[in-house]
């Protein structure tokens with residue numbers, strides 16, 4: 001087990017400046033809350049049982065001895081931040097019980113490659129936005145349409161499905177759905193244009209009651225944290241079924257989620273403004289006092305491994321290229337009075353970056369194969385092909401700059417695609 005100080009390499013996603021939250025289990029034991037530093041899982045349920053959070057949580061009900069983070073997300077923001085600081089203080093002090101007491105050390109830490117990671121939250125609702133001008137513009141061009149004018153007025157979205165939410169490491173089968181076969185007849189067929197969409201998920205803490213709304217500047221009070229999302233899409237099924245009611249089976253078969261929730265405290269050094277949004281262009285109910293610091297500068301990478309081969313990077317994109325802020329997404333979601341629930345998931349849409357912001361020209365700048373292959377008309381960078389084949393593996397990761405210039409990683413989201421059943 002680790003000794004003080006815990007060493008983390010420069011390319012480690014989980015330095016002490018990060019402290020994300022997740023859920024893990026060991027063989028024969030129930031899932032429970034944890035954080036990770038370096039390559040070591042820290043059992044928060046065990047620390048809670050030792051009374052190390054009693055002074056800040058001030059509750060007799062177990063918060064971390066739970067199979068999800070929902071109970072922790074319901075705590076007031078100041079308590080959640082205080083828990084994170086307790087963890088940092090314990091890890092920063094060689095005389096703390098984590099290092100001075102060998103029994104606590106052995107029970108509290110686990111090797112990350114010897115545990116099972118789970119979905120971090122029991123998600124009651126899923127909303128998927130489409131907030132990137134590059135992605136929406138490309139979709140319009142490939143469909144032979146002009147750019148949607150309503151894109152600039154308010155963020156567009158659809159209601160997703162939570163029954164098919166799966167954690168990183170869970171393989172999915174190629175989906176089936178309706179589209180026209182080679183003879184032009186509609187049939188239920190396996191998708192031949194299976195695609196990924198790299199997105200950031202926002203997880204809700206403090207709920208918004210039914211019938212109430214929030215402003216864009218109030219939205220940060222309702223954010224628990226962020227996780228990488230893969231909003232899988234079957235493009236052939238999607239194009240056939242989406243008119244007039246929007247996507248159905250082309251999106252509902254799976255949504256993959258990374259195991260770690262990165263909290264806002266870890267990202268405060270990465271704040272930025274959305275790209276290109278002009279003051280006064282969006283609808284009045286969405287406007288911030290200032291667009292400064294309403295989104296984050298986070299680089300995201302997509303990797304694709306063909307037919308069992310090692311995944312290779314095919315694109316790099318950045319969250320700050322969203323047209324809308326994170327607060328505007330939550331504000332608009334709640335603007336109908338539908339309310340927001342703790343652990344609800346709100347995703348940003350496909351994080352595609354414009355060509356003039358292309359930071360790594362050895363790979364692409366779009367976060368879907370639909371765009372990278374231009375609807376199957378050209379080869380995907382680096383690995384070739386157009387869409388996802390059987391036994392292909394898709395991996396996402398994300399990186400921001402945190403306190404002391406340390407890299408704040410989101411961990412990886414990895415999924416293998418199996419043949420249709």
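In case you wondered, yes, glycine gets a Cβ from its N, Cα and C as well.
According to TrEMBL, the protein carries these features:
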ACT_SITE  135  active site, proton acceptor
BINDING   128, 197, 199, 231  Ca(2+) binding site
BINDING   231, 251, 255  Mg(2+) binding site
BINDING   238, 350  substrate binding site
DOMAIN    17-120  domain 'Fumarylacetoacetase N-terminal'
DOMAIN    126-417  domain 'Fumarylacetoacetase-like C-terminal'
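DSSP classifies residue 197 (Ca(2+) binding site) as coil under the three-state reduction. Under a cutoff of 8 A between CB atoms, and with a sequence separation of 6+ in the same chain, the neighbours of residue 255 (Mg(2+) binding site) are 126, 160, 161, 164, 165, 166, 229, 230, 231, 232.
For the binding-site residues listed here (238, 350), the lowest count of other CB atoms within 10 A around the CB belongs to 238. Secondary structure at residue 238 (substrate binding site), as computed by DSSP, is helix. Here residue 238 (substrate binding site) is positioned 8 angstrom away from residue 251 (Mg(2+) binding site), judged by their C-alpha atoms. For residue 128 (Ca(2+) binding site), the nearest neighbour among the listed recorded positions (135, 238, 350), judged by C-alpha distance, is 350. Between residue 350 (substrate binding site) and the residue listed as 'active site, proton acceptor', the C-alpha separation comes to 7 Å. Shown in sequence order, 349, 350, 351, 352, 366, 367, 368, 371 are the residues of the chain, 6+ apart in sequence, with a C-beta less than 8 angstroms from the C-beta of residue 135 (active site, proton acceptor). Residue environment of residue 231 (Ca(2+) binding site) contains 24 other Cβ atoms, counted within 10 Å of its Cβ in all protein chains. Look at the domain 'Fumarylacetoacetase N-terminal' (17-120): DSSP puts its residues at 43 helix, 20 strand, 41 coil. Straight-line distance linking the Cα atoms of residue 199 (Ca(2+) binding site) and residue 238 (substrate binding site), rounded to a whole number, equals 18 Å. Each residue contributes its Cα atom, and for residue 197 (Ca(2+) binding site) and residue 238 (substrate binding site) these two points are 14 Å apart.
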